[in-house]
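According to TrEMBL, the features are:
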type: DOMAIN; residues: 8-191; note: domain 'MobA-like NTP transferase'
type: BINDING; residues: Leu11, Ala12, Gly13, Lys24, Asp70, Asp105; note: GTP binding site
type: BINDING; residues: Asp105; note: Mg(2+) binding site
Amino acid sequence: MSRASTIGLILAGGRGTRMGGRDKGLQLLHGHPLVEHVAQRLRPQVSHLMISANRHVDQYARFADQVLTDTTPDFPGPLAGILEGLYALERQAPRHGALLVAPCDSPFVPLNLAQRLAQALEVTHAPIAYACTALPDAAVPNTHAPPASSADMPAAGRAHFVFALLRAGLADDLATQLTQGERRVHAWYARHMAVRVPFADERAFYNVNSLQELYKLERPDIGR
């Protein structure tokens, strides 16, 4: 699976409720929007970069080749953005392409994210691979249901569902799941025997959930 057949999607379509309604991807870190940090790290890994956003579309357009907006109502979460990305993938690379997904609030995205996830897909022939931290095997089937809540879990051992690589051909199935009211990413992954791929650097998946966390990253000993 090559860079030429992989397109990227940054998820920035959320409501930013934990930031008081602010558009999280446009908040500044070291003078640049969070989404710009993510875009700079994803762009070398993909042939075409998109952002899923439902507001401030003109601003997001500065950092990608294309901006997608949700066609499903009521902000149904990251799966809505992934669905639009899969539709775009199938228009551009309908048979052999893949969609690399990452969130807009994780400025330290691994530079080898696509490579590692693609290797897992090739070895296992699974349709979806996603990142995790501190798992023992290079790529193992996700045969265990995730916990109901991971809010209190340490970073080690945590699944990072929205750092993922998805093969073309999944859009119709995902659209059906959303129509049925199922919005949980891990529930959809479980239907497709997604594989999880361990990464050693937990910091690479750090996501900014509040202004306080963002301000903390501005410290020179932490944020670089």
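Easy rule for this one: first residue shown is 1, then count along the chain.
Backbone N, Cα and C atoms are what each Cβ position is placed from, and that goes for glycine too.
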Among Leu11, Ala12, Gly13, Lys24, Asp70, Asp105, the record's GTP binders - longest CA distance, Å: 19
Cβ atoms near Lys24 (GTP binding site) (within 10 Å, other residues, all chains): 25
Cβ-Cβ distance under 8 Å to Ala12 (GTP binding site), same chain, at least six residues away: Asp23, Lys24, Gly25, Val35, Ile51, Ser52, Ala53, Tyr60, Gly81, Pro103, Cys104
Binding-site residues listed as Asp70, Asp105, least Cβ neighbours within 10 Å: Asp70
Asp70 (GTP binding site): secondary structure state under DSSP, collapsed to three categories: coil
Lys24 (GTP binding site): secondary structure state under DSSP, collapsed to three categories: helix
